[in-house]
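Here the structure is laid out as structure tokens; the discussion comes afterwards.
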Amino acid sequence: MAGMPVLGNSVGAGELRENGSNRSSSSESRGDSSPLRTQDVETNCHRSEISSSLPLRRPFERDFHTAVPTMATLNSGVIVTHTVPSYDEQRASPALLTRHTGTPGGRSVRDDGYCSASSTPRALDHKSTKSSVVTLSCYKKEPKVQIEEEGYFTEPKRNRKYSKANLAHKLADDGRETWGTGADFLLSIIGFAVDLANVWRFPYLCYRNGGGAFLIPYTLMLVFGAVPLFYMELILGQYNRQGPITLWKICPLFKGVGFCAVMVAFYVSFYYNVIIGWALYFLVSSARSELPWLHCDNSWNTEQCWDAARQNTTNKTDVPYHGPLSHFTPASEFFHRAVLEMQNSEGLNDLGFPKWQLMICLGIVYVTLYLSLFKGVKSSGKVVWLTATMPYVVLSILLARGLLLPGATRGIAYYLHPELSRLKDTQVWVDAAVQIFYSVGAGFGVHLSYASYNTFHNNCYRDCLVTTLVNCFTSFFSGFVIFTYLGFMSHKQGVPISSVATEGPGLVFQVYPEAVATLPGASLWAMLFFFMLIMLGLDSGMGGLECVITGLLDAARASGASWLRREHFTLLVVCVSFCVACINITPGGIYMFHLLDTYAAGISLLCSALFEAVAVSWFYGLKRFSDDVEEMLGFRPGIYWRICWKFVSPVFIIGVVVFGLLYQQPLQYQHYTYPQWAVVLGWGLACSSILMIPIVALYKLISTPGNCRQRLACCISPENEHEAIRSGAPVSRFTWSHWLYV
């Protein structure tokens with residue numbers, strides 16, 4: 001009831017002692033016998049114009065000895081403290097004596113767990129209380145109230161330790177930087193999710209798998225598989241404010257998942273940034289009056305080169321024309337012979353030396369990445385305003401130009417024409433699952449790293465939905481852009497759409513360049529297109545390296561390396577990635593590129609996301625996870641999210657993994673078949689990240705002190721519960737209610 005003293009331990013005016021020891025002896029005896037640690041929470045009880053941010057201490061030591069008379073009462077389950085005005089204040093404003101009827105003094109402060117005198121109180125609804133001790137100390141020069149609580153709070157079918165210190169910790173100044181604005185974070189996760197695959201993979205998959213009918217499995221896989229995992233990563237990063245490795249203090253047994261995610265992101269940077277380097281090379285090559293891939297009169301062309309713009313009598317070869325996917329068009333020969341110089345390599349065992357022009361382009365890319373990342377999210381958050389928005393401007397311009405070309409409507413019709421019969425094909429559903437999963441980017445740890453720089457109460461639920469909608473719209477919209485030009489090529493060359501439609505580098509570095517080569521102002525359209533590719537690639541490249549930097553830097557600092565500066569560590573990561581990436585710009589580098597693209601982020605990425613979902617929804621616990629969401633956002637996740645997290649999403653990933661293992665395709669690039677040792681090398685690369693999960697789990701089980709039961713309990717429980725577990729407290733994860741909660 002309002003106005004009653006707190007737990008029978010009334011604190012009246014002038015009764016607070018300097019050492020804060022005005023607890024009853026019976027309360028102290030209960031506190032000594034409790035297996036739980038004493039939790040400290042501090043709440044400001046000061047004038048509105050004064051603020052303070054001293055760290056928590058125990059015992060409550062202060063450098064100021066002038067006590068302020070204070071009364072503490074319990075009002076609707078909320079602790080209310082009333083500060084008695086000083087004599088001078090009362091003389092200056094007699095109204096202070098009667099303000100807030102029924103309470104002594106003029107100012108009241110409610111402790112809502114947010115360390116703020118102006119925030120809205122949050123009621124504490126607990127069924128029963130075992131023991132509780134409250135100690136209040138207010139000092140005039142450093143006006144603060146510290147509240148000490150300890151005990152068990154019994155909920156239906158479960159004992160749970162209640163700790164207000166956890167909430168205070170979230171809002172404490174932990175020294176971690178935050179995004180300049182919420183828009184910086186939103187554009188960053190949009191920029192990572194919307195990447196090159198939205199342009200070069202989704203349109204082709206949509207055409208190949210039934211046109212508009214492909215949107216049915218795509219949407220279902222999006223709603224029940226990828227989005228819940230994406231939302232989970234944002235919650236994990238924002239609530240814990242830790243990178244993908246140190247985050248796993250919530251469940252140490254799965255700390256290897258963080259290492260796996262960081263390694264996958266690092267491996268991807270070895271070849272993904274090379275694509276941006278190729279695009280930069282094409283951009284520079286396009287800055288001339290005539291595009292170099294327009295005719296077959298260049299030094300790199302072969303006699304088999306077929307120039308479709310000329311009459312057949314002027315071509316040097318009798319090989320019939322089969323469309324731009326033939327390896328003898330000017331565009332394909334420019335890419336393979338002039339840019340990659342594949343003719344100087346016999347295969348993976350004959351890589352050669354890096355091409356200096358490509359090395360310069362790749363170096364510019366990595367310098368750009370370093371300048372965007374070395375200051376953290378304060379710098380990268382500004383770069384994404386250009387890299388995340390410019391592609392939409394360029395896509396709109398290219399679409400407007402493409403719709404004016406003959407055959408454009410034919411290309412769009414092929415893109416969207418629904419073939420519902422294709423839904424019976426299992427491969428269509430697998431393609432939809434793989435595409436949306438990789439497109440959203442769950443499992444990389446990038447969204448988790450970005451979210452760790454959010455403010456605690458940022459609406460990550462809204463950010464998740466907005467990013468997902470933008471990602472899907474971009475994939476669908478880019479399909480219109482691509483297929484207007486493919487329809488134009490099909491009409492001009494008199495070949496079916498199937499002869500020009502493809503995916504991957506073949507689409508953006510062979511088919512599209514040939515499509516724009518004969519347009520008026522071809523150089524302008526080519527430069528716009530490759531500029532768009534660079535923008536799409538840069539923010540995704542930034543996200544991958546940010547995951548590596550944040551993950552390893554947080555882990556190093558948690559181990560005591562507080563001297564490590566982000567600028568220096570970022571330079572180290574960027575330099576290592578650049579040195580490895582140079583392998584892919586050698587004459588035989590395209591074979592290594594394809595090997596990395598196949599194995600670096602395939603099964604290993606799926607395993608990372610799978611164990612992340614299992615660790616959070618089963619071991620950490622959906623109830624605890626839902627409590628975290630409510631603490632941040634003010635509402636609990638609905639039944640849809642909880643069912644997807646616990647059952648649907650893991651099954652979704654397992655299905656994709658099993659299908660991928662059962663239906664392995666031979667590893668080859670064009671006509672080159674990889675040797676068996678290359679396949680073993682690829683699987684070794686994939687397993688190097690996957691094996692981090694069981695290796696770290698085994699290490700945690702062995703190195704954790706205590707008996708077998710305590711070791712297991714500590715490994716599957718958050719670190720802030722370990723001391724209580726070793727003291728004999730009940731382990732909630734050894735109860736059926738923990739595992740059966742949905």
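These residue numbers are counts, starting from 1, taken along the chain as shown.
Just so it is clear, glycine is given a Cβ too, placed from its N, Cα and C backbone atoms.
Per TrEMBL, the features are as follows:
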- G191, A193, V194, N198, S439, N471, L536, D539, S540: Na(+) binding site (BINDING)
- 21-34: compositional bias 'Low complexity' (COMPBIAS)
- 39-49: compositional bias 'Basic and acidic residues' (COMPBIAS)
- C296-C305: disulfide bond (DISULFID)
- 215-236: transmembrane segment (TRANSMEM)
- 257-284: transmembrane segment (TRANSMEM)
- 356-374: transmembrane segment (TRANSMEM)
- 383-408: transmembrane segment (TRANSMEM)
- 428-453: transmembrane segment (TRANSMEM)
- 465-488: transmembrane segment (TRANSMEM)
- 515-536: transmembrane segment (TRANSMEM)
- 569-593: transmembrane segment (TRANSMEM)
- 599-622: transmembrane segment (TRANSMEM)
- 643-663: transmembrane segment (TRANSMEM)
- 683-702: transmembrane segment (TRANSMEM)
May I ask which of the stretches 356-374, 599-622, 643-663 has the most CB pairs under 8 A with the transmembrane segment (569-593)?
356-374
When distances run from the Cα of C305 (disulfide bond) to each of the binding-site residues V194, S439, L536, S540, the nearest one:
L536
How about the transmembrane segment (683-702) and the transmembrane segment (428-453): at least 3 CB pairs under 8 Å, pairs 6 or more apart in sequence, or not?
no
Residues of the parent chain within Cβ reach of the transmembrane segment (383-408), under 8 Å, 6 or more residues beyond its termini:
184, 187-188, 190-191, 194, 372, 474, 477-478, 480-481, 484-485, 487-492, 519, 525, 528-529, 531-532, 535-536, 538-539, 542
Taking only the binding-site residues G191, V194, S439, L536, S540, which one has a CA atom nearest to the CA atom of C296 (disulfide bond)?
L536
Most Cβ pairs under 8 Å with the transmembrane segment (215-236), selected from 257-284, 356-374, 465-488:
465-488
Quickly jot the same-chain residues contacting the transmembrane segment (465-488) by Cβ under 8 Å, restricted to those at least six beyond its ends, or write none.
186, 189-190, 193-194, 198-199, 202-203, 206-207, 215, 222, 226-227, 230, 391-392, 395, 398-399, 402-403, 405-415, 439-440, 497, 500-501, 507, 511-512, 515-516
Identify which of the recorded positions V194, C296, C305, L536 has its Cβ surrounded by the largest number of other Cβ atoms within 10 Å, counting every protein chain shown.
L536
Where else in the chain does the transmembrane segment (515-536) make close Cβ contacts, counting only residues six or more beyond its ends and a cut-off under 8 Å?
194-196, 198-199, 275-276, 279-280, 282-283, 286-291, 293-294, 309, 324, 330-331, 386-388, 390-391, 394-395, 397-398, 401, 405, 485-486, 488-489, 492, 508
Sequence gap of 6 or more, Cβ distance under 8 Å, 3 or more pairs: do the transmembrane segment (599-622) and the transmembrane segment (356-374) meet that?
no
Check the transmembrane segment (356-374) against each of 257-284, 428-453, 643-663 and return whichever range has the most CB pairs under 8 Å.
257-284
Cβ distance under 8 Å to S540 (Na(+) binding site), same chain, sequence separation 6 or more: which residues?
G191, F192, D195, L196, Y272
For each of the binding-site residues (G191, S439), count the other CB atoms lying within 10 A of its CB, then report the residue with the highest count.
G191
In terms of Cβ proximity under 8 Å, which residues at least six beyond the ends of the transmembrane segment (643-663) contact it?
221, 224-225, 228-229, 232, 426, 430, 433-434, 437, 602-603, 606-607, 609-610, 613-614, 616-618, 622, 625, 742
So around the Na(+) site, G191, A193, V194, N198, S439, N471, L536, D539, S540 aside, which residues have their CB within 8 A of the centroid of those CB atoms?
I190, F192, D195, A197, A388, G441, T474
